[in-house]
């Protein structure tokens, strides 16, 4: 079984202080709809939507248009990783240890079917995978505004989502690691738990929408909403 966990747990205040970005419309649909629809595929058997409690009812209103019975909306946690933890706990009695859990940022509405399928293919081989693209710019370690080190670019990747894991690996990792607040993505939790995480090549177009400018940069001419 392939399970998609889509995270909308944050408030998106860098996008707008008054209007959560998942409800902003472009091309006739909300960001939430654009992202969720990328996972309405026959090879996705269950979808868990994780949302901030403030926006639970509004999210349910948007999602009720999808008649599939295998879409569940649950509450997120105080940080991204606690939102993932809530999903991991919710899934405990719904899926088996060998099922695949595909975790995706709700703010990445341009993920392609090909990237999702590559995640599924690789997780069946390796158990834990992360979508990533090679960095194109030189990266420096900086401390007190002084460059300390410039690592070779060939070793550096920008991590994206989906990040996909066998449920047994995800469950054991989130049980083992207690200081979740220091982690910013799921692959780092699994890595800290001692598992190897393999790379799935992503796409530059799979950007995370953080500010209004991100939408304008990819050619969205009109954004609807009280922003």
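Heads up, the Cβ atoms here are built off N, Cα and C, so glycines get one too.
Pulled from Swiss-Prot, these are the features on record:
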- 14: site 'Transition state stabilizer' (SITE)
- 21: site 'Transition state stabilizer' (SITE)
- 153: site 'Positions MEP for the nucleophilic attack' (SITE)
- 208: site 'Positions MEP for the nucleophilic attack' (SITE)
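The structure, with features from Swiss-Prot marked on it.
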residue: 21; record: site 'Transition state stabilizer'; DSSP (3 states): helix
residue: 153; record: site 'Positions MEP for the nucleophilic attack'; DSSP (3 states): helix
residue: 208; record: site 'Positions MEP for the nucleophilic attack'; DSSP (3 states): coil
Number of other Cβ atoms within 10 Å of the Cβ of residue 153 (site 'Positions MEP for the nucleophilic attack') across all protein chains: 13
Least surrounded among the recorded sites, given as 21, 208, when other CB atoms within 10 Å are counted: 208
Residue 208 (site 'Positions MEP for the nucleophilic attack') and residue 153 (site 'Positions MEP for the nucleophilic attack'), Cα-Cα, nearest whole angstrom: 22
Pairwise CA distance, residue 208 (site 'Positions MEP for the nucleophilic attack') versus residue 21 (site 'Transition state stabilizer'), rounded so that it is a whole Å: 11
